[in-house]
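**Student:** I'd like to ask some things about the structure below.
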Amino acid sequence: MSKRTLDAFFAAPKPKKQKKSGLYKEDSKGVIELEPSPSPSPSPSPLPVVVTSKETIEIVSDDDEIAVVSETKAVKSTSVAAPVILTNTGFAIAAPDRDTSPSGPPSIHPTYPFPIPSLPRHLLESMQPSKEPRAINDGIDLDLLCYEPYMASSLARDYGEFLRRELPFYRVQYKINRFGKETEINTPRYTTVFGIDDTSRFSPDGQILDARTGKPSPANKYKTCRPRPIPQCLQSLLDATSECTNTSYNFALVNYYASGQDSISFHSDDEHFLEKEPAIASFSFLGARDFLLKHKPMKEQGQPVEGAKKGEDKPMKFNLTSGTLILMRGKTQSNWLHSIPKRASNGVRAPAIQGRINITFRKNMTAAGTENYYRYNVGTGPVWKWDEKKKEMKLHVADTSDI
Ligand SMILES: O=C(O)CCC(=O)C(=O)O
Ligand SMILES: [Fe+2]
């Protein structure tokens with residue numbers, strides 16, 4: 001969401017708790033793959049049995065957010081034999097026959113706080129959609145394509161864990177003017193962004209070039225940010241998504257919702273620097289979360305309120321599980337709002353909410369759009385990085401040993 005949209009957002013008082021209207025915000029599936037193993041040598045593997053469980057969760061609050069609203073060369077490497085792990089239940093955990101060696105050197109750029117490893121080879125080979133999409137268009141001006149799943153569950157988990165572990169994240173704070181008063185906003189989720197708008201491109205060695213002339217761009221073209229090339233681990237999914245959705249993208253925005261308290265308020269991705277009727281590809285990895293969609297108020301759009309169409313009064317709800325891709329296209333962004341509401345993380349009937357990665361691929365047309373995306377998704381604060389031992393985000397301390 002852009003600053004312009006935010007300003008419009010705060011032009012009226014914000015209702016407290018549930019039942020919101022207009023643009024105001026509110027702000028897991030367990031998968032076990034088992035292979036019966038009567039003997040210690042279970043190969044060749046039959047198809048895995050996938051056991052899933054659904055949970056019921058409730059909305060806890062809808063205030064806070066202020067929603068904002070290298071290319072690398074593959075190198076040959078050797079495959080590691082997949083181990084078979086025997087459990088004390090008499091089952092062996094299916095050990096996939098996969099090559100987890102890196103598919104190339106890490107992606108590096110002066111703007112990255114640390115090198116970003118290239119994908120393990122088994123993931124790089126799994127970037128194409130696993131099935132045909134289903135159209136969802138049963139609301140007025142709603143035009144969605146849902147790949148459910150785009151990526152099978154164990155690959156989606158590996159990919160989600162890879163991104164969570166290897167990407168730099170930020171907890172962006174910024175100030176807005178709300179009813180004439182300066183207000184500090186704490187974005188209620190981890191964010192990060194890579195990419196550059198259509199007027200520029202990166203050279204193979206990471207310099208910013210003018211997209212039309214191919215010459216280096218003036219050093220002051222981007223005044224408030226340092227655009228970062230999309231690392232291989234995201235570019236490979238972007239390329240596969242471009243191909244299957246027949247759309248080009250130049251930005252990857254990543255959200256990490258660490259718990260049910262992390263969220264994004266109702267908004268639409270209708271920034272003026274995107275194309276008209278933009279196609280936005282939105283992926284989900286790791287923990288499942290509810291995704292709400294509701295029609296913008298008809299009145300606001302100069303249409304009669306009577307005969308409200310599906311989604312306007314009561315939001316449509318999708319439980320987005322790991323590996324799902326939702327493509328929002330056509331008139332969706334100009335007519336619909338979407339959100340990931342807060343959820344109770346330890347409800348009686350609900351297991352703890354697991355962290356969730358979201359990636360959106362978009363096509364940004366202007367340099368101002370680039371500045372906007374970096375301002376609201378990287379900001380000026382410290383870097384957070386996943387601590388694999390503690391299983392949580394930790395402030396990243398730059399390694400100065402080489403300086
Ligand atoms: O996490 C999601 O599924 C939605 C994210 C989103 O709407 C956004 O980043 O604009
Ligand atoms: Fe969005």
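Including glycine, each Cβ sits where the backbone N, Cα and C put it.
All annotation found in TrEMBL is predicted automatically rather than curated by experts.
So TrEMBL lists the following for this protein:
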REGION    1-47  region 'Disordered'
COMPBIAS  23-32  compositional bias 'Basic and acidic residues'
COMPBIAS  37-47  compositional bias 'Pro residues'
REGION    205-224  region 'Disordered'
DOMAIN    248-365  domain 'Fe2OG dioxygenase'
BINDING   Asn255, Tyr257, His267, His338, Arg356, Thr360, Arg362  2-oxoglutarate binding site
BINDING   Asp270  substrate binding site
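Context for these features, please: burial, neighbours, distances.
**Tutor:** Within its own chain, the region 'Disordered' (205-224) has Cβ neighbours under 8 Å at 70, 109-110, 196, 198-199, 367, 370-371, 374-375, counting only residues six or more beyond its boundaries.
The DSSP secondary structure for Arg356 (2-oxoglutarate binding site) is strand. The Cβ of Arg356 (2-oxoglutarate binding site) has Tyr256, Tyr257, Ser284, Phe285, Leu286, Gly287, Ala288, Arg289, Leu320 as same-chain neighbours under 8 Å, each 6 or more residues away in sequence.
Its Cβ placed at the centre, Asp270 (substrate binding site) has 20 other Cβ atoms within 10 Å.
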**Student:** Would you mind pulling the DSSP three-state label for Arg362 (2-oxoglutarate binding site)?
**Tutor:** strand
**Student:** Should Tyr257 (2-oxoglutarate binding site) be counted as helix, strand, or coil on the basis of DSSP?
**Tutor:** strand
**Student:** Measuring Cα to Cα, how many Å separate Thr360 (2-oxoglutarate binding site) from Asp270 (substrate binding site)?
**Tutor:** 13
**Student:** Just name the most isolated of the binding-site residues Asn255, Thr360, going by other Cβ atoms within 10 Å of its Cβ.
**Tutor:** Thr360
